[in-house]
Structures are given as C-alpha cells and as structure tokens.
Amino acid sequence: MNIHEYQGKDILRKFGVAVPKGIVAHSPEEAKQAAEQLFEEQSSPVVVVKAQIHAGGRGKAGGVKLAKSPEEAYEIASQMIGTTLVTHQTGPEGKEVRRLLVEEGMNIDREFYVGITLDRATSQNVLMISTEGGMEIEKVAEETPDRLLKIQVDPLFGLQGFQAREAAFFLGLEGEQFRSAVSFIMSLYKAYTSIDAALAEINPLVVTKEGRVLALDAKINFDSNALYRHKDFLELRDITEEDPFEVEASKSNLNYVRLDGNVGCMVNGAGLAMGTMDIIQLAGGKPANFLDVGGGASPQTVEEGFKIILSDKNVKAILVNIFGGIVRCDRVAGGIIEAAKKIGLNLPVIVRLEGTNADIAQKMLDESGLNLIAADGLKDAAQKVTEALSA
C-alpha cells in the first residue's frame, strides 16, 4: 500500500527521522495560511509548494514550486489543485492533484539517496546509499554503479552502527554531518522495520549549508500482508490515487494489474499468469492486464474477473488459462459459461483448461453454444489468440 509524501514524513518524524516542517493543504486558502505560519516560524525566504500524488517526477512536471510570499503560495495552489499532473510514472493519463504539501525552504548544499527494501535474492533487508540524490536509483545502478553502495542487513540482528557509519563515510560526510547522517540512517531503519514497510526511500536526502541532514522527500510503501498489525495505517490509504479497476478487483480478492494491451487474460496462479502474458506477447498481441483469480477459482470469481476485464475498452479478445489442481476444470468451465450468459460476452474468448476434469470441461464448452473457443495446450491457445485479433 502506498501513501503520500506528507503522510510518510509524519510517520518518520515519530521515529526521530529529521524532516522539514510542512503543512498539508487542500485549498488555496489553506496553502496561504500554511505559508503564513511557516514564514513566521522559519528564517528561509521561501516555502515549497508540492503536489501530493502517488508518483515520482513531480518536479520536472511542474508539481514542485517555490513561493516567496503567502500570496504567491495561494496563486501556485490555485494553479495546481484540480489539475492533472503527468509524470514519467503516471502514464499519459496523469493524476489529479487534490492536496498539497507546503514546506519550509531548504538552503541545500548536497543531495544524496538513501533507501531500504527487501532483497529477495538474499532474504535480507538491503540499505542502499548513493551520492547521486534526486535521480532514479535504477538509472544510477545501471549507468554509474560505483556511486551506489548496497549493505545487506541481517534481519535477526538489524542494522548495526558500523554499517550506518560505513554508509555515511561513503557519502563523504565528516564531523557533525557524519554523526547526523549515522543517526538519520539508524532511525530510518528502525522506522522501516517497526511499520513493516516494503520500501522506505529518501530521495533526496539533503545536507543544508547550515549543516542539517534531512529527508527532503520521502516514499513509504507498506507490506500489504502485514497491515493487519497496523490497522491505523489503513486510514492513510487514498483510493482516488489507485486504478479504479484494481480497487474493484481487490473487493473480490482478485489480484489485478491493468496494462495497456488488447488481450485480457484470466489465470489461476501468479507464475502461470506471467507465462500467459508472455504467450500473448509472442502471439502478436499485448496483455491488457495481469489477473490471478487464485487457486480456489469459483463461478463468482470468474464472473467478477470477466466484468473487470470487459470494463477495459481496449480489450479485443480474452484468454482464460486455468490449470486445475485444487480447483476442478469443470467447475471453472461452468463459471465461464454462466458468466458469459449473464454478462453477454461479445468478444472472442479463448479457453485453455488443463488438469482435473479437463475433458469434462472441454465438452461443456463445446456444447455451450457460446463464443467460447477451446484451446488444446499453450501453443494452440497462442495461435487462436492471433486468429481472434486478426479476424
């Protein structure tokens, strides 16, 4: 689960992570009041008005602006709130700006990157440090790997002081800035583990000309599987920032991710779903979604899956790929037929069913009289997807 920057900073502040003072605003009037308060409390000649959306690249897209007065903050907020911000992470449709973070200005001297996430290859947390702050860490890792330090952290022992000192030394910090950075990194790791985060990313971490070490931006992603331990964090979820199809799918416990292709796919099992998407691509189509209906696919989940797939107007054909292990293929076939009649499917649906009672399922599909095309194996399914798209 993702949250906004201002929410992430509020959480980090409770763990002693240094962040600039900021006030969230939902209107130009609130932005002006926030700026007035910050100008009274700080010596900086500017405040920063930042659009709050679940996407990076806001600065380049015009979502981060400086204001030298409360009146200017009001004008900036008037232009931002209600507009659609398009960044390299939002896609061409962009995201609507509904709230802003008005924050004290910083006299920045240097910018760095600090991030913590899970390294699945080693089953350990990894602390990532880079001297290239403000840049995408993937780009840094690819183009200038010598400027990125990765420190594996044993979850049994946690982040050790010598590891935090190694990170601060890598950044070239000295004296009080060195000690502040060590304290910052230790506090960030404590926050990361305490809240069961999947990612804690500070980009950039800044050192001001006055010597302060702060998180200028903060991205916190929660491990959704651990949210039952942090029910108060559920209140931080902003559904308006999420894909409406994915929100609807989650209500039916379906794992759905919308893509930009033309072939909808419904599969049971994440691995099979990934393979099915590859098959669609090789067949000349483009997957319109990732949809895993789970190991216990029922007529109800199949029906909901079809509804969600059909709500995407770019879909020209649907491939259903089910391996019947726990779930019986004839039960899934019955769900497909029932859903097709109920919804009124008018797109070609290619169905590949293998496993328990697959022969019975095949017969049910053949005798249904519906536009359901049975496929015998993955290769045949791929060929029939190609034929359906070219028809």
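Backbone N, Cα and C define each Cβ position, glycine as well.
Residues or ranges marked as ATP binding site by Swiss-Prot: Lys50, Gly57, Arg58, Gly59, Glu103, Met106, Glu111. DSSP assigns Gly57 (ATP binding site) to coil in the three-state reduction, placing it in neither a helix nor a strand. For Gly57 (ATP binding site), the count of additional Cβ atoms within 10 Å of its Cβ stands at 15 [all protein chains shown].
Taken from Swiss-Prot, the feature Mg(2+) binding site applies to Asn203, Asp217, supported by sequence analysis. Asp217 (Mg(2+) binding site) falls outside any helix or strand according to DSSP and counts as coil. Cβ neighbours of Asp217 (Mg(2+) binding site) (same chain, under 8 Å, six or more residues apart in sequence): Glu5, Ile202, Asn203, Pro204.
Within 10 Å of the Cβ of Val327 (substrate binding site) there are 22 other Cβ atoms, across all protein chains. Positions annotated as substrate binding site by Swiss-Prot: Asn268, Gly325, Ile326, Val327.
Marked as domain 'ATP-grasp' by Swiss-Prot on the basis of sequence analysis: 9-248. The average pLDDT computed for the domain 'ATP-grasp' (9-248) is 93.
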For Ile326 (substrate binding site), the number of other Cβ atoms found within 10 Å of its own Cβ: 12
Cα-nearest neighbour of Lys50 (ATP binding site) within the listed binding-site residues, Asn268, Ile326, Val327: Asn268
Glu111 (ATP binding site), number of other Cβ atoms within 10 Å: 17
Secondary-structure category, per DSSP, in which Asn268 (substrate binding site) falls: coil
Neighbour tally for Glu103 (ATP binding site), based on other Cβ positions within 10 Å of its Cβ: 26
Per-residue Cβ crowding (10 Å cut-off), top of binding-site residues Lys50, Arg58: Lys50
